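Trainee: This is the structure, below, for whatever I ask next.
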Amino acid sequence: MSVASELKDLFTKNLRTSGIYIAFVLIIALFTVLTDGLLLSPINVTNIVLQYSYVLILALGMIMVIVAGHIDLSVGSLVAFTGAVSAVLVIGNGLPWWVGLLAAVGVGILSGVWHGFWVAIVGIPAFIVTLAGMLLFRGLTYLTLSNVSLSPFPSEYQQVAGGFLNGLLGGYGYDLFTLVIGVFAVAGFAWSQIRSRSGRAKYGQQVEGLALLIAKIAVVGAVVMWFFWQLATSRGMPIVLIILGGLIITYHVVTTRTVFGRHVYAIGGNLSAARLSGVNVKKVNFWIFINMGLLAGIAGAVFSSRSNGAQPGAGNMFELDAIAACFIGGASTTGGVGRVTGAIVGGLVMAVMSNGMQLMGVDQSTQQIVKGLVLLLAVAFDIYNKRRAGAAR
Amino acid sequence: MDSTILQMQDITKTFPGVKALSNVNLSVARGEIHAICGENGAGKSTLMKVLSGVYPHGTYEGKIVYEGEEMKFSSIKDSERHGVVIIHQELALVPHLSVAENIFLGNEQERAGFIEWNHTNAEAAKLMARVGLDEQPVTQVGQLGVGKQQLIEIAKALSKDVKLLILDEPTAALNDDDSAHLLGLLRELRTQGMTCIIISHKLGEIEDIADTTTIIRDGQTVETLDMSDPASDQDRIIRGMVGRDLSQRYPEREPEIGDVVFEVKDWTVRHPTQTDRVIVDNASLEVRAGEIVGIAGLMGAGRTELAMSVFGHSYGRGIRGEVFMDGKKVDTSNVGKAIKAGIAYVSEDRKVYGLNLIEDIRINTTAAGLGKVSTNGFVNGNEEIRIAESYRQSMNIKSPTVMATTGNLSGGNQQKVVLGKWLHTAPELLILDEPTRGIDVGAKFEIYQIINQLADAGKAVLVISSELPELLGICDRIYTLAYGRMTGQLPRSEATQEKLMELMTIEKEAV
């Protein structure tokens, strides 16, 4: 098979999952034109990473929640609450910066345990539990902050979301360290592709052609290196990107390669069948919510660091951004379907759209309208695809 | 009036890539019960969907002549207006609405937009009397059993002045009593001049009730049999359906029976919400290595409840009793422990309890034994494919690869995937609950062969089935369950349908 026909096959067979990538490229192209290239300028690429990292972190937890057939409406309030706890400890009581970070993550985990208890053990639908959580943790935020904003954090704390690792290997008008990370990322991708291909070959399965493999690595490599070049010529490697990258890889592996991940998909796909296959449904659901709490805590730390303080109204509507990212990224509303990569690209679609519109000076109200319509269209496309697949049967 | 009510001429229906029907002809006489037989996927349901307007005129080729006129139905509503009503296999009732509300759903008895409740309930009561349903019109449908729900569907059809009633597998989910009642009702409606088309897998039933049988195979009409002809028996129908002689419906086996592998002692289970109801009452049973043991019982006797409660306490409350594997007492209080103890349970309804229909064969195959293909919590995807592929080949699962979505497979192939999933856990005892329900004749034979191979390999097999001929055909020994109690057991040599039925109907006081 030629590379072209193999590629065509790859896209048409996975239209549902590849559709989002195509849409992503189109949206980038559109806004690049509309902003006269400003969208892809080094400083703006860095900005997008800094500005939307916490929504992507939330989307990582949310995709597992949604695949298991649940929803979590509380994460926006949790971001506010964990940030508030951290601010009270660090700003209010003068404790070291890292105590604040640990406290945010710890409180996040505890909140996850709270949700997990009600969803998994008591058996109340997650929609209700987390709706209650959304009110509850917002109230706790007000209480913790006595309804006033706290700032500023010490400079170490601000580094989490606003800091850069650069100059480690010297700078020459571009930051070498950033480029080295980029090279490692590409090499890691190539290695994992080659390894998986040879693994498949060893088991006598059909594998993609060598030419396609090289083309794939070359394209991904070019895009990734371009991205890191933009970072390197701007302000260097954002610390938050290292955190985010680590989390994305971890959760991608957890969802695609581990027994736990498989159980999440099994529960969402057919709960009864999963239970009768020996899946400990309660335990898995419990961990899904603990994990969501953990990530909400991390997002809370990052967000409070970026905004350099804690506000009673922080994180408002974040849950909806995270949920929208998952659905735009191809997750099914009925559970059992969805990918980490999809959720990330879905989040990036939203990020690029918001950022592009901000650059164009589009007002907030129009932005909201456009985002709403995109979410609707994405799910409509998904349903259209499913119907087409059903009719072909 | 013409003696032929319906003629479907040269009906051809194509889906993208598949020709589902090819020049099918069907001629139905007025006032007869006309059965349509064929293997799963032969095109029976498609044909009925063409007839009832689910596939509107223009999406198929051919001609439908009904009551002497050519019909071009544009929708179900359209065909219903002409008196053609279809009752689908999956009942379309709303559980939280009353019987009367369901009967007149979409056909509300209204005046100026307001429902006339008295009229509605009175009319419903008349229709219910006609179908022999002894309930109140205001009773919620969800509280009634499947048999009664089926009657409501028929009452609903009668309310639409039906002349041609189409029933798709009406007795598939019914027990023998309810089936008999339903068939009696159809006979009575026939004397009132109604014409019926019935699709069924239960050939005994067809032999019993049908005046004419049309056999469809691979989207084509094979033949039409006059059932008053004594030569038109079950074997004759099977021959037409599969296109070959199935001299034997059950494969031969020489059992080699070993020691007791699995034993249940004094097993008692209560209803999960109404804890005063005892569903399984002090039941005991044993299965030996290499033995196929059946459990016979009427619907509601507690067969599935017994199996599911043993398998990880998946049903019921207040469970008491002991389970032994190889003479050692084992804990089966959750599914994980039951699997570890060497028990596998192939559930009754594979779509609801057995498979993750949106996932592929590979993922379903390893779902219950994921630990076997993983190290330190990481799944070895390649090993997984290898194992799934080996089951796909050894069980002759028809699909291009193991990456095929199980939701797209036929019933027989789905059942094989479920069997593969449980074989992968390497059990000592397999409990098979209705292993061939909704599966066509050819695939049934293959499933029986797999069951036999398992027994020959020394596994203990426990089969639950509503079809007595099936139990008699494959089991070495059969237990009977009635009202939650074990009422007897018969070896294959002594068992007959009559004897089993007698044991299955022993009432509580008599035990």
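Backbone N, Cα and C atoms are what each Cβ position is placed from, and that goes for glycine too.
Automated prediction, rather than curation, is the source of TrEMBL annotations.
Per TrEMBL, the features are:
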type     : residues  : note
TRANSMEM : A:20-40   : transmembrane segment
TRANSMEM : A:52-71   : transmembrane segment
TRANSMEM : A:77-110  : transmembrane segment
TRANSMEM : A:117-137 : transmembrane segment
TRANSMEM : A:172-190 : transmembrane segment
TRANSMEM : A:210-229 : transmembrane segment
TRANSMEM : A:235-254 : transmembrane segment
TRANSMEM : A:284-303 : transmembrane segment
Trainee: Same chain, outside the transmembrane segment (A:235-254) by at least 6, Cβ under 8 Å from its Cβ: which residues?
Mentor: 43, 46, 49-50, 53, 56-57, 60, 63-64, 159-161, 163-167, 171, 175, 177-178, 181, 185, 260-261, 295, 298, 302, 306, 340-341, 344
Trainee: Under 8 angstroms, Cβ to Cβ: which one of A:20-40, A:77-110, A:172-190, A:210-229, A:284-303 has the largest number of such pairs with the transmembrane segment (A:52-71)?
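Mentor: Between the stretches A:20-40, A:77-110, A:172-190, A:210-229, A:284-303, A:284-303 has the largest tally.
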Trainee: Does the chain bring the transmembrane segment (A:77-110) near the transmembrane segment (A:210-229), so that three or more CB pairs sit under 8 Å (pairs 6 or more apart in sequence)?
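Mentor: Between the transmembrane segment (A:77-110) and the transmembrane segment (A:210-229), contact is absent.
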Trainee: How about long-range neighbours of the transmembrane segment (A:172-190): same chain, 6 or more residues beyond its ends, C-beta under 8 Å?
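Mentor: Beyond its ends, the transmembrane segment (A:172-190) has Cβ neighbours at 165-166, 217, 220-221, 224-225, 227-229, 231-233, 236-237, 242, 245.
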Trainee: Apart from its near flanks, which chain residues at least 6 from the ends of the transmembrane segment (A:284-303) lie with a Cβ under 8 angstroms of it?
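Mentor: Long-range Cβ neighbours of the transmembrane segment (A:284-303): 53-55, 57-58, 60-62, 64-65, 68, 70, 72, 74-75, 78-83, 86, 100-101, 104-117, 119-121, 126, 160-161, 240, 243, 247, 260, 263-264, 267, 314-315, 318.
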